[in-house]
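First comes the structure, then the notes that go with it.
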Amino acid sequence: MSEQTEAFVTIGLEIHCQLLTKSKLFCQCATDYIGKEPNTLICPVCTGLPGSLPVLNAEALKLTIKTALALNCDILPQAVFYRKNYFYPDLPKGYQISQYDLPVGKDGFMEFSFQGKRKRVNIKRVHLEEDAGKLIHEGPDLPSSTSGVDFNRCGIPLVEIVTEPDLSSPEEAREFLNLLRRLVRYIGVSDGNMEEGSLRCDANVSVSLTGQSLGTKVEVKNMNSFRSVYKALKFEVERQREMLLNHQTIEQETRHWDEAKQVTVSARGKEEAEDYRYFPDPDLLPITIDSQLVEEIKNTLSELPLERKERLMVEYELTEGEAEVLTQEKEIADFFEECVKLMPKPQLICNWIVTEVRKNLNMMNQSIDKSKITPQKFVELLKLVEKKEITANIGKEILEEMFKSGLTAKEIIAKKGISMISSEKELEKIVFEVIEKNPQSVADYLSGKEKALHYLIGQVMRATRGQADPEMVKNILVKKLSGED
Amino acid sequence: MDIKEFKDFSLEDYQKLIKNREISVKELAQLFLQRIENVDPYLHAFLFVNRESILDEAQSLDEQLEKANPEEIPPLFGIPIAIKDNICTQNIPTTCASKILEGFIPPYDATVVSRLKAQGALILGKTNMDEFAMGSSTENSAFGPTRNPFDLNRVPGGSSGGSSACVSALEAPVSLGSDTGGSIRQPAAFCGVVGLRPTYGRVSRFGLVSFASSLDQIGPITRTVKDCVTIFEVISGKDEKDSTCAPYPAFQAQEIPSREEVKKLKVGLPREYFSEGVDSEIIESIQNTIDFLEKEGIKLVEVSLPHTVYALEAYYIVAPSEASSNLARYDGVLYGFRAQEAAELQEMYFKTRTQGFGKEVKRRIILGTYSLSSGYYDEFYLKGMKVRTLVRQDFEKAFEVCDLLLTPVSPCLPFLFGERTQDPYQMYLADVFTIPSAMAGIPALSINCGYARSLPVGLQIIGRPFQEGLLFGLGLLIEEGLALGAPFPEIPLRKENTYE
Ligand SMILES: [Zn+2]
């Protein structure tokens with residue numbers, strides 16, 4: 001194997017995101033199946049009992065249009081649902097209702113920067129479909145050597161996003177997936193949680209040594225975390241590269257990522273390719289998507305993460321890193337901008353959000369919009385710090401308390417009896433007392449021993465129970481000791 | 001009381017008896033149960049008779065009646081109704097006459113059933129049919145055929161053979177059937193009763209076990225046109241549970257034009273429906289009706305529906321295609337029959353479906369699977385859909401020159417058992433005149449217009465979408481003018497005549 005032989009890699013992704021609707025795609029059943037007892041969120045429609053008929057959830061269609069618009073797709077004037085026919089125990093109707101040659105959106109793209117370069121990935125299609133159920137092979141209620149089916153997931157609305165094979169490395173694919181996940185969360189169509197199955201990803205990987213032609217396409221499935229996508233792609237690229245270097249032929253096939261062994265394994269060959277016998281679902285008439293609806297959705301579509309990041313950098317003179325963090329979640333960026341409106345100190349606000357606010361959110365496992373902090377309360381706190389009425393350290397403590405109780409900074413200060421000793425006059429009094437009590441250290445300092453000053457600062461801090469700003473204490477001490485006033 | 005006294009009773013007449021306390025709801029139900037007991041061993045129109053609970057429910061209706069204001073009693077209060085076994089009924093078996101659904105008891109009512117129940121109607125039982133509504137003779141039932149009340153050696157038509165035979169033999173005053181390619185009208189014609197295939201989308205399909213979703217419609221089978229109107233008023237109208245159900249209000253009897261208006265209608269006679277292939281005695285009966293209409297001053301015009309000959313072939317592509325997909329859910333996983341001796345999943349599917357489905361159902365699943373396969377889709381399914389459009393356009397053109405069409409329902413009289421079972425194409429021909437209007441999604445009414453060789457002859461009136469009112473208008477005129485009365489075929493009531 002020669003290391004200098006470059007491999008040309010093309011990767012295309014197929015991403016399924018669970019849409020954030022309250023009810024399923026074709027019935028009224030709830031969608032929050034995580035952690036629910038099997039088969040408790042089902043009805044005759046989603047389990048396909050004889051005589052049941054699907055009725056489209058209009059909200060799911062709107063969210064799909066929104067996703068397609070965010071990915072710069074053309075919206076087709078009609079939504080047509082097809083049946084994808086195949087047999088599997090978790091598919092109660094014997095077909096999945098999906099879209100086929102007429103998706104909601106097609107020919108879009110997503111841009112992002114990767115390793116300092118601007119990258120564009122073309123989006124082939126964005127369409128809406130229903131999820132299937134889940135097989136369970138072991139459990140307390142399951143006799144051994146039998147399998148059970150949980151239909152709770154049946155009929156959950158999914159948006160499927162298919163990219164062109166425009167990604168040229170596993171790293172780039174990982175970055176794209178990350179940004180796509182951020183995008184769907186940002187526009188509020190999906191929570192994008194891969195570990196819980198609300199975001200799933202299949203990949204098409206092909207490797208060529210010449211770069212002249214596309215290599216043979218191999219589909220990789222069964223990757224259920226961001227880490228496993230990356231690892232599976234890395235493994236697959238290397239596997240194909242080595243095969244090519246050894247003059248072996250790569251077969252077009254589907255491979256599964258084996259998480260335990262960290263390898264991809266062949267699932268089935270091309271000769272067994274299924275014929276899904278797609279045809280328009282006669283139980284669902286084609287739905288006209290009028291341009292007015294598309295306009296309305298476009299208007300609800302806020303600035304997308306990438307645009308916003310760039311604007312934040314320019315408008316508030318933030319670094320790329322800072323803007324990146326702020327735009328990870330729409331709610332955080334909104335919070336930041338709300339605060340800036342109330343207090344025109346973007347850098348200060350940014351610093352606090354990036355560190356303290358996020359730390360607290362992580363600790364409480366909360367999103368900012370669900371937390372007890374409002375921009376008003378947060379800015380009030382920052383103003384106290386800014387005016388040095390409290391120290392930054394005290395501010396941090398108060399913030400933590402605010403997250404827990406929802407009280408305002410002033411309420412917490414009053415309740416806890418935190419005195420605003422940072423007011424200079426009060427501090428001077430304490431400094432004076434410390435000087436009085438420690439003549440030896442004063443003498444040491446005056447004779448040039450820097451260390452003595454630190455001791456004196458420590459004493460002041462102790463006397464104030466840590467509530468003073470050490471910088472201010474130092475200034476006052478130096479001033480006093482040098483006899484400036 | 002002799003059931004024969006009810007021969008010419010309309011639903012309204014039953015209502016009067018109930019309102020005037022001349023008969024209790026329970027007594028009425030008992031009368032029909034008795035009739036079923038007497039004649040159904042010969043006919044086998046029912047797969048399930050709701051003996052126990054109908055009497056309890058009748059009792060509770062009688063109690064309600066004690067307190068009710070007679071004026072406020074809904075029109076179907078206390079009326080027993082027979083339901084085709086592919087229409088879901090809560091807590092009552094629904095099998096589609098198939099082994100694969102044997103023992104299936106739906107936890108819900110079809111929309112039509114809940115609408116009937118809301119009016120106080122009682123479910124009398126579930127009627128026999130061709131398995132999954134595939135067939136034209138009710139010989140394809142997994143539980144044995146239904147016999148024609150006019151001649152027990154002959155078929156009652158299909159697939160709503162049970163629903164038609166039971167109304168014809170007065171085992172039930174009215175029933176519901178389903179029509180995919182003619183499954184209400186052809187058996188209604190064979191049994192001498194009235195059958196309506198409504199405009200596609202005018203009656204909710206929710207709860208109707210799908211055969212071919214784009215063609216299936218539920219409709220009434222009754223002894224008179226008037227009763228047909230009464231039932232249609234109750235079951236029609238949009239339904240949130242069915243996306244293909246038109247946003248159109250329920251039918252109202254006021255939509256039926258007056259006698260004078262009916263006489264001003266122009267009636268078209270499609271040339272293709274009076275060809276050599278039709279039994280001459282059927283043509284003769286229809287000609288009688290035509291003569292009557294002319295005497296009444298109705299204008300008749302000859303029209304052409306040139307794609308009629310292709311409609312049958314296109315139907316046998318489109319309907320099986322949809323069926324192959326609709327019937328995929330019967331896989332032995334969630335409910336119904338499951339083959340026991342399978343070792344693994346694929347084998348379980350194969351054995352369950354091989355043992356669970358009858359021959360005709362399997363034939364159509366294979367046909368449909370083939371038509372939808374990649375490589376054949378364009379050649380078959382898509383072409384079938386194109387022909388369908390042409391068939392619809394034929395009707396649109398015809399309705400530019402006339403208001404209604406008048407045709408035979410079937411090219412043949414009720415045939416003997418086994419006569420056509422060996423040749424599927426011969427069997428499919430029985431629906432040749434009912435399929436085109438089904439493909440076009442337009443309404444069609446079948447009524448009796450006389451007898452030939454002691455067997456009923458059916459006449460079909462076809463109209464524009466949502467103009468069921470016109471069909472009823474002409475139907476009422478013909479029914480009254482021919483004065484044939486409702487059927488009451490002689491059925492031997494001696495045990496030794498059982499044709500098993
Ligand atoms: Zn459901």
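Positions of Cβ are set from backbone N, Cα and C atoms, glycine also.
Annotated domain 'Amidase' per TrEMBL: B:27-471, in sequence order.
Look at TrEMBL and you will find B:LYS84 (among others) tagged as active site, charge relay system. Within its own chain, B:LYS84 (active site, charge relay system) has B:LYS126, B:THR127, B:MET129, B:SER160, B:GLY162, B:SER163, B:SER175, B:LEU176, B:GLY177, B:SER178 as residues 6 or more apart in sequence whose C-beta sits under 8 angstroms from its own. According to DSSP, B:LYS84 (active site, charge relay system) is assigned to a strand segment.
The active site, charge relay system annotation in TrEMBL covers B:SER159 (among others). Over all protein chains present, the Cβ of B:SER159 (active site, charge relay system) has 37 other Cβ atoms lying within 10 Å.
Non-local contacts of B:SER183 (active site, acyl-ester intermediate) by the CB criterion (under 8 A, 6+ apart in sequence, same chain) comprise B:MET129, B:ASP130, B:ALA133, B:SER136, B:GLY158, B:SER159, B:SER160, B:GLY177. What TrEMBL records for B:SER183 is active site, acyl-ester intermediate.
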